[in-house]
Amino acid sequence: MAIAVLDALDNARTQWYHITAIVIAGMGFFTDAYDLFCISTVSKLLGRLYYFDPDSSKPGKLPNAVNNAVVGVALVGTLMGQLFFGWLGDKLGRKKVYGVTLILMAFCAICSGLSFGSTSKSVIGTLCFFRFWLGFGIGGDYPLSATIMSEYANKKTRGAFIAAVFAMQGVGLIFAGLVSMILSKIFVSLHEAPSYKSNHVFSTQPQGDFLWRIVLMLGALPAILTYYWRMKMPETGRYTALIEGNAKQAAADMGKVLEITIQAEQDKLSNFKSANEYGLLSKEFFHRHGLHLIGTTTTWFLLDIAFYSNNLTQKDIFPAMNLTKKPEEVSALEEVYETSKAMFLVALLGTFPGYWFTVFLIEKLGRFKIQLIGFFMMSIFMAVLGIRYNYLKNHPAEFALLYGLTFFFANFGPNSTTFVLPAELFPTRVRSTCHALSAASGKAGAIVGAFGVQNYTLDGNPSKIQKAMIFLAFTNMLGFVFTFLVTETKGRSLEEISGEDGGAGEPETQMPVRSMGKPGAQMEEEN
């Protein structure tokens, strides 16, 4: 029998507080996406400024190892931050550590722009140091935001609410391109310069050193604006009741939020607590959720290899496909503008719509089916891009369409659902930790993309880019296969899914009987 506060949360009508929670949590993801991806718009500028060779026929370029470090070090920090803050969120409570992540993000975004030194090594070294800790703060936002939103939402719209929080990542991607595009255009108009081909020295405007710093520092603004409102959010009712054992406080907090009166029912907590006492490393957890955790970690890992490879290598693929001008044909600031404009258009037309298709359809189609469709379609389009690369490189419009569709189905697919499912499948006591493990596995995949796949695209070699696309098609097909380890969560309470209501939860041995065409069949059979 459900405790009144949990029942009230599961059946609450959608109201203003839910929207506020989406915005507060979502602004963290806006900041995350902006901070992680804005570096791609200015990394070539860093090469021109700090690795200029007057005798070379091509503009200055970050050495491969330096480029991978600048782009990838934040991902390493994100992975470590996910594990640390995810564990802390279960130990201390979601709210107590929620504001720390924003402070860290804002501080390190500002410091990234203030990277100092008299040599290229000192500037890049300082930049990498602060971007690592920036990533550490970003990492904490993943498990905390997902867990908080899942524990606040009602069971009918929970998936859409969590997906809406994550969809703010798409807005952050758009702004990463848009801000860089606008600022670089302003700088170009104020500081005109010849192309590198015309004049090797004067094609790199020294004012570019201000541009990349401003772009990075602006990532602190949304975090600063959100901090006050995040601190006003109460602890989730589920954590207060089921982990702290204080049903009275949970009823008071959630009653204020939902603007209703809720009975405390402290005496009913014993059944829930007894069903929620096993730890992450226990046999009971492995029996109930072991395959679920393997499913969420492997699918997120495989997805992020492709997703981050696509996002971080755009700057290299665009010139190879003639979607932007060759580096030697433009000045340093014009190259930032060309790259930013292309990234903005891909994000706006390909990436952004996919997120919101998921938001509007996740409660109709379900998480399982959307994830299967996304992985399958990404695999198909990337295989076509790889196999037909020699043809497509001479037909940029067709390439741009197929390339954009890979982004669309990443977000109307596993990039959204791999974020949603770990926030629903696991018990309250370990929910934040399990989401952190899944997200950290994803960032391990992103690191493979940043330090591995990116090496195949840095020099714009068509043969290497072709191999990278075929490899990514293969990883997406593996993601399709591993999706069968997770189960559909649509329309059920978190306690029903995890077994915290005293039931047996979701037996994993029944998962293979689910038909691909009807991912909810298992649920219907059980009910």
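Note that Cβ sites are derived from N, Cα and C of the backbone, with glycine treated the same way.
Under the heading transmembrane segment, TrEMBL lists 21-46 (among others).
Annotated domain 'Major facilitator superfamily (MFS) profile' per TrEMBL: 21-491, in sequence order.
Only residues 6 or more beyond the boundaries of the transmembrane segment (66-85), in the same chain, are considered here, and those with a CB under 8 A from a CB of the stretch are 35-36, 39-40, 43, 46-47, 51, 97, 100-101, 124, 127-128, 131-144, 308, 312, 436-437, 439-440, 443-444, 446-447, 450-451, 454-455, 458. The transmembrane segment annotation in TrEMBL covers 66-85 (among others).
Per TrEMBL, the feature transmembrane segment maps to 97-116 (among others).
Look at TrEMBL and you will find 122-140 (among others) tagged as transmembrane segment.
Feature annotation from TrEMBL assigns transmembrane segment to 161-190 (among others).
According to TrEMBL, the transmembrane segment annotation covers 210-229 (among others).
Here TrEMBL flags 342-362 (among others) as transmembrane segment.
Residues or ranges marked as transmembrane segment in TrEMBL: 368-387 (among others).
Sequence annotations record features per position, and here TrEMBL assigns transmembrane segment to 399-421 (among others).
The annotation transmembrane segment is assigned in TrEMBL to 468-487 (among others).
Per TrEMBL, the feature region 'Disordered' maps to 495-527.
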Within-chain partners of the transmembrane segment (342-362) [C-beta distance under 8 Å, separation at least 6 from its ends]:
37, 40-41, 159-160, 163-164, 166-167, 169-171, 173-174, 176-178, 180-181, 314-315, 318, 323-324, 370, 400, 403-413, 415-417, 420, 490
Roughly where does the domain 'Major facilitator superfamily (MFS) profile' (21-491) sit in mean pLDDT, to the nearest integer?
88
